[in-house]
Amino acid sequence: MAKLTLEVEQYTQNLREKLQEAGYSYYVLDQPIMEDAVYDHLLRELQELESQYPQLIVSDSPTQRVGEKPATKFVSVKHNIPLYSLENAFNIQELKSWQERWQRQTLLENQRLTLPLRGEVKIKNSIDESDNFSTVNSLAPVITGSNFDEIDLASVDYICELKIDGSALALTYENGLLVRGATRGDGIMGEDITQNVKTINSIPLKLKVDNPPLLVEVRGEAFLSINVFENINAEREKIGEIIFANPRNAAAGTLRQLDSKIVAKRRLDFFAYTLYLEENESNFLQFYTQSQCLELLKKLGFKVNPNGQVCSSLNEVEAYYQYWDKQRENLPYLTDGVVVKLNSLSLQEKLGFTQKYPRWAIALKYPAEEIPTIVQGVTVQVGRTGAITPVAELKPVQLAGTTVQRASLHNSDRLAELDLHIGDTVIVRKAGEIIPEVVRVLPELRPKKAQRFQMPTHCPECSQPLIKPRNEAVTRCINTSCPAILRGSLAHWASRAALDINGLGEKLVQQLVNSGLVKSVADLYNLTMEDLTSLERMGKKSANKLIEAMGTSKAQPWRRVLYGLGIRHVGTVNAELLTQKFPTVAQLSQAKATDIETVHGIGPEIAQYVEQWFRVPANQNLVERLKIAGVTMETKDSTSGMAKLTETVLAIQNLAARQNLVARQNLENLVERLKIAGVTMETKDSTSDVVEVQSGLLRGKTFVLTGTLPTMRRDEAKNLIQNAGGKVTSSVSSKTDFIVVGEDGGSKLEKAKKLGVKELSESELLEALAVTGI
């Protein structure tokens, strides 16, 4: 074992603190302070140091989030305080009945109120003790003359919080360090899943406070964002595994995985909502209301849902509920209702619990998002990649405010699992509250003569045999001349994020394919005025505009062209990454998968798809024809001599990061001297001089980015905005024109709403960028 020096010990501690702060800023505050690549490099360095010097490993190190060995089983543990579920209310009248009950209970108690309203719960010092824990408030003085029947109960504050659709967790901290994470279980006994809990980046391994309390317990909800959930299901579907029914089931199943490495890959998130302290910590943290409790949780380093609101009346509660019933579809996670609590923790304590529920809280559920209907038939769709998707044709039904007539059945495996028959009664829901899908079949209601639906063996569009590739759940048509694949490819090529051909919509694409004028994307650039005007409802003016739009599309940058080619798994971000590494189509088309996967962010599977696509003769012919037509197939070379020197300097910096402390200092001194000499210390964005924006929607506008975007990193979005003439700032102010909102928008979004700043999704931003030509 290498000798541990004070210098190495101090350096390791500093490295650990930097990573902890960067993780907190990214996962909890949603305000990144460190580039992903830098974080990954520093984490790897910390792992190497801890491997070399095991005595430096501490329980709250970022390296300890994922365990090395899978667990063999989970141990049952008793909760320090029972983890009760909530009573449900399904409409406002039931909420009012709950209010009447707690008010009546309060009057019946006729006890003296303890003021000030203090929230303290006694917890015994050892989490292994099995005694019952009781809520007490022995430290606050009793004020005479202040009993329940003298209080204006109608003026008591409520606090409303979104009910996150996930799995409840109880987290125990001793001396500020996370020592246990447990599931709800039956409310009295749960399972110790500490190893899995540590993989959730929004759960602090160490409380962010000096001199922490001896014992702290935090309750909250572990959940999967909609985007992460959909990605997990897509991966499971691809390898032939059964997909999860909903994010809640996926979160629960993930938490009970014996291998924490699997848990880490699924990117669970966590919102904290309750804090319990030991009685003798009275001088440490003072809080008297649930709203103060939430603020304190944030100070301790926890992520708290930003949409909570204190309401002074049931009318305000109703308004809050109605607002989020309409707005929840815009959230990046699922919420199935609103949790309404009495804000006063002392009043909560006085009211106590029934055998099942707290008397001081209730879950006001949204209208049902699942509803039964009848399958009248099944049709099969063919996507642009040849994927065959069965779709249930339903008896029209109202669901989440819209009429649903069709629902996805995903693939043949899912269809077989459901054992679907025409005429079956099925339960339908909005997947991610957006796309309708069939959740389950009710076979007990099946008509006697109902026929099981059989997946076709031949493509419904071109009649060619269908195949199901190994290790995939999706059945495909592989006929490159299939009309459905061609229609999808043309629509994708013309989309705003690709070549942005204005006027080439779905109906016109259908006409071009049906008429035989277009049999390949390349045929678009051979269309004449005579060809177009021969189509129904296509006059000379419209035809001329379309020809102009197609001419303009030839100048779109190489990254857009690559995206437009429709290679599987090559979205806008991957296209950007690939074209930076391979600035010409010749370089990319000749690259092997092993070369392609060296691009940061491109895995071996995507690399294989890219290599295979360019090996298909029909695709090679398409690329050649597009080049002949004048479509851009390379990135303009913006690499000056100084920029090339910059690459050398960056290589030196990377080398420095791998050296010992003394050698690193020498190399860093060299880098500093090069800076003074005027050498640029950052890579020039290869897209910056592709288009000089003279005017447009974004020019001169101020943007703020918040949350995790679906397909882009925030630095990529920032570069695109700046290239279009916009300005990106880190904080929201009255001068902010737009806020681009990703998953878990946080406090920036909240402030933007108050200031009336216009919100943009990633797709809306890309549309605006497409208009500018970026």
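Just so it is clear, glycine is given a Cβ too, placed from its N, Cα and C backbone atoms.
Worth saying up front: this structure is predicted, and the values here are computed from it rather than measured.
Feature annotations, reproduced from Swiss-Prot:
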- K163: active site, N6-AMP-lysine intermediate (ACT_SITE)
- D36, A37, V38, Y39, D40, S85, L86, E161, R184, E221, K341, K365: NAD(+) binding site (BINDING)
- C459, C462, C477, C482: Zn(2+) binding site (BINDING)
- 693-774: domain 'BRCT' (DOMAIN)
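Feature map: annotations from Swiss-Prot on the structure.
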residue: L86; record: NAD(+) binding site; DSSP (3 states): coil
residue: K163; record: active site, N6-AMP-lysine intermediate; DSSP (3 states): strand
residue: R184; record: NAD(+) binding site; DSSP (3 states): coil
residue: K341; record: NAD(+) binding site; DSSP (3 states): strand
residue: C459; record: Zn(2+) binding site; DSSP (3 states): coil
residue: C477; record: Zn(2+) binding site; DSSP (3 states): coil
residue: C482; record: Zn(2+) binding site; DSSP (3 states): coil
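Using a 10 Å radius centred on the Cβ of K341 (NAD(+) binding site) and all shown protein chains, the other Cβ atoms total 23. With R184 (NAD(+) binding site) as the anchor, the candidate recorded positions are K163, C459, C462, C482, and the one with the nearest CA is K163. Among the recorded positions L86, K163, K341, the residue whose Cα lies closest in space to that of C482 (Zn(2+) binding site) is K163. Taking the centre of the Cβ atoms of C459, C462, C477, C482 as the Zn(2+) site, the nearby residues of that chain (Cβ within 8 Å, site residues left out) are V382, G386, P460, E461, S463, Q464, L466, I478, N479, P483, A484, I485. Taking Cα separation as the measure, C477 (Zn(2+) binding site) is nearest to K163 of the recorded positions L86, K163, K341. Taking Cβ-Cβ distances under 8 Å and a sequence gap of 6 or more within the same chain, the neighbours of C462 (Zn(2+) binding site) are C477, N479, S481, C482, P483, A484. Helix, strand and coil counts under DSSP for the domain 'BRCT' (693-774) come to 31 helix, 17 strand, 34 coil. There are 21 other CB atoms within 10 A of the CB of C482 (Zn(2+) binding site), with all protein chains counted. When Cα-Cα distances from C459 (Zn(2+) binding site) are compared across the recorded positions L86, K163, K341, the shortest belongs to K163. Here L86 (NAD(+) binding site) comes close to V339, Y357, P358, A361, I362, A363: these same-chain residues lie at least six apart in sequence, with C-beta atoms under 8 angstroms from its C-beta. K341 (NAD(+) binding site) sits 12 Å from the residue listed as 'active site, N6-AMP-lysine intermediate', taking the C-alpha atoms as the reference points. Burial estimate for the recorded positions (K163, R184): highest at K163, by number of other CB atoms within 10 Å. When other Cβ atoms within 10 Å of the Cβ of C477 (Zn(2+) binding site) are tallied across all protein chains shown, the result is 24. In the predicted structure, the domain 'BRCT' (693-774) carries a mean pLDDT of 76.
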